[in-house]
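In what follows, a single structure is set out as C-alpha cells and then discussed.
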Amino acid sequence: MTIQLSVNVNKIAVLRNSRGGTDPDVLQAARTCIAAGAHGITVHPRPDQRHIRAGDVLALSALTREHAVEFNIEGNPFAPPRAGYPGLLELCRATRPEQITLVPDGDGQLTSDHGFDFAQDTTQLAELIAAFKAVGSRVSLFVDAGNPDIAGAAALGADRVELYTGPYAHAHASGQTDTALALFADAGRRASAAGLGINAGHDLSQANLGDFLAAVPGVLEVSIGHALISEALYQGLEATVRAYVDILRGSQVGA
C-alpha cells in the first residue's frame, strides 16, 4: 500500500493573509495538489487566524469530499473559542473530517514543536478524544519520538500517532542521522505494538523523506506543508506534489 501524502495548505493562507483579499486562492491550490496525486489535504486552523480560517475549513471540507480524498484537521483541543474561531471541536462537528490530529500548541507558538506528555493528567484529553471520535473521525495525537509512553495514546483512545519529525529533519540537515533514525524507528515499533497507526510530519522534505521512510517501519501517512510549498516556488506546485508522490510510491507500507 502506498504511504499517503496529505498536503498542508497553511502556507498558502499565510501568503494570502499577508496582503488581504483572496490571492493566492487556498481552494485552487488544494485542487491542484489533489489533481497532482495528493491523497489528502491538511489544515491547522489556529485561534489567532494567522493562516487558515473557519471559512477555509468549510470550503476545503466540501472540496475534499467532492474529490473523495481525506481531510485532516489539526489543532489544539484545549484552545477555547473566540471571535472568528468557533473552537476545534465545533469545526470538526461541522465538517466531519476523516482525521483529526490533536496538537498541544499554545497561541504564541510559531509552529508546533512538541508532542503530548502522557505523564501529565490525561483525563481531560481522554474525554476530548472521545468527543472527537463521536464526530466519526479517526483521532491522531502529535507525539515526540522520544516519548517513553507512546502506547499511552492508545490507552487514551487514539487511533494513530503523528511522529513529530522536526528533530530528524535537523539531524538530516547536519548529516547526523543515525541516532535520530534509530529513535524514530523504535518509536514506530512501539506505536505499532500498541495497535496505533503511524503518521509523520514536520520539516519533512524531498531531501530527507526517503531516508526517513526507509528506516521507520509502518508509516501510513505523511503531512507536509512548509517544505512542499517552499519547493513549489521553484519547481511549481503540481510538479512538487508529483515528486513527493513518486517518493512515497517507492516507499510502500511494509516494504
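Glycine residues also receive a Cβ, built from the backbone N, Cα and C atoms like all the rest.
Quantities reported herein were computed from a predicted structural model and do not represent experimental measurements.
When Swiss-Prot records Asn8, Arg19, Gly225, His226 as binding 3-amino-2-oxopropyl phosphate, the matching candidate from Asp48, Asp56, Asp203, Asp246 it lists for that site is Asp203. Pairwise Cα distances among Asn8, Arg19, Asp203, Gly225, His226, the recorded 3-amino-2-oxopropyl phosphate-binding residues, top out at 25 Å. According to its DSSP assignment, Asp203 (3-amino-2-oxopropyl phosphate binding site) is coil. Remark: of the recorded positions Arg19, His51, Glu74, the most isolated position is Arg19 (fewest other Cβ atoms within 10 Å of its Cβ). Neighbour density at the Cβ, taken as the number of other Cβ atoms within 10 Å, is lowest among the recorded positions Glu162, Asp203 for Asp203. Here the recorded positions are His44, Arg46, His202, His226; the one with the fewest Cβ atoms within 10 Å of its Cβ is His226.
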